[in-house]
Amino acid sequence: MKSVQLCLLLWCWRAICCRSCELTNITIAVEKEECRFCVSINTTWCAGYCYTRDLVYKDPARPNTQKVCTFKELVYETVRLPGCAHHSDSFYTYPVATECHCSKCDSHSTDCTVRGLGPSYCSFGEMKE
């Protein structure tokens, strides 16, 4: 009975202390080459903990899939970037996560690298508010 109580206590502690995969507010730097500067935009994305494991002995019959916190549903919003040249397209469309879950990283829609550029990277070096 004590071991069951201990397991329950540890499970509750993990649920409280370790954030699960959930929506979070982030600030991203958006840029267009025609505008030559970056603008900070607030959006919603997924962050948190997903249970995963890396087996010591690899089984070729069973693929080892690491799960990451990623979007389940998203919508796109569009903003007009101020200060762009008159002849250029000053609209920028960016993703907004509306629901999150733990899943395999989809490299077709997500940067699955260990060290990506990050959401605040600006190739022009100048940020406009």
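The backbone N, Cα and C atoms fix where each Cβ goes, and this holds for glycine too.
Positions annotated as disulfide bond by Swiss-Prot, on the basis of similarity to another entry: Cys21-Cys69 (among others). Within 10 Å of the C-beta atom of Cys21 (disulfide bond) sit 21 other C-beta atoms, taking all shown protein chains into account. Classification of Cys21 (disulfide bond) by DSSP places it in coil, neither helical nor stranded.
What Swiss-Prot lists as disulfide bond is Cys35-Cys84 (among others), and the listing cites similarity to another entry. Cβ contacts within 10 Å of Cys84 (disulfide bond), excluding its own Cβ and spanning all protein chains shown: 17.
Sequence annotations record features per position, and here Swiss-Prot assigns disulfide bond to Cys38-Cys122 (among others). The secondary structure of Cys122 (disulfide bond), as reduced to three states from DSSP, is coil rather than helix or strand. With a cut-off of 8 Å between CB atoms and residues at least 6 apart in sequence, the same chain places Ala29, Glu31, Phe37, Cys38 near Cys122 (disulfide bond), listed in sequence order.
As annotated by Swiss-Prot, disulfide bond applies to Cys46-Cys100 (among others). Counting every protein chain shown, 23 other Cβ atoms lie within 10 Å of the Cβ of Cys100 (disulfide bond).
DSSP gives Cys50 (disulfide bond) a coil state; it is part of no helix or strand. If you look up Swiss-Prot, you'll see Cys50-Cys102 (among others) marked as disulfide bond, on the strength of similarity to another entry.
Around Cys105 (disulfide bond), taking its Cβ as the centre, 16 other Cβ atoms fall within 10 Å, counting all chains. Swiss-Prot lists Cys105-Cys112 (among others) with the feature disulfide bond, giving similarity to another entry as the kind of evidence.
Annotation comment: Swiss-Prot describes Asn25 (among others) as N-linked glycosylation site, evidence class similarity to another entry. The number of other Cβ atoms within 10 Å of the Cβ belonging to Asn25 (N-linked glycosylation site), over all protein chains shown, comes to 9.
Residues or ranges marked as N-linked glycosylation site in Swiss-Prot (evidence: similarity to another entry): Asn42 (among others). Cβ contacts within 10 Å of Asn42 (N-linked glycosylation site), excluding its own Cβ and spanning all protein chains shown: 9.
Per Swiss-Prot, signal peptide is recorded for 1-18.
Using a 10 angstroms CA-CA radius around Cys46 (disulfide bond), the disulfide-bonded residues that qualify from Cys21, Cys35, Cys69, Cys105, Cys112 are Cys21, Cys69. Inclusion criterion for the disulfide-bonded residues Cys35, Cys69, Cys100, Cys102, Cys112: a C-alpha placed within 10 angstroms of the C-alpha of Asn25 (N-linked glycosylation site); this criterion is met by none of them.
The most crowded of the disulfide-bonded residues listed here (Cys38, Cys50, Cys102, Cys112) is Cys38, judged by how many other CB atoms sit within 10 Å of its own CB. Rounded to a whole number, the C-alpha distance linking Cys105 (disulfide bond) with Asn42 (N-linked glycosylation site) is 23 angstrom. Across the structure, Cys69 (disulfide bond) and Cys102 (disulfide bond) are spaced 5 Å apart at their Cα atoms.
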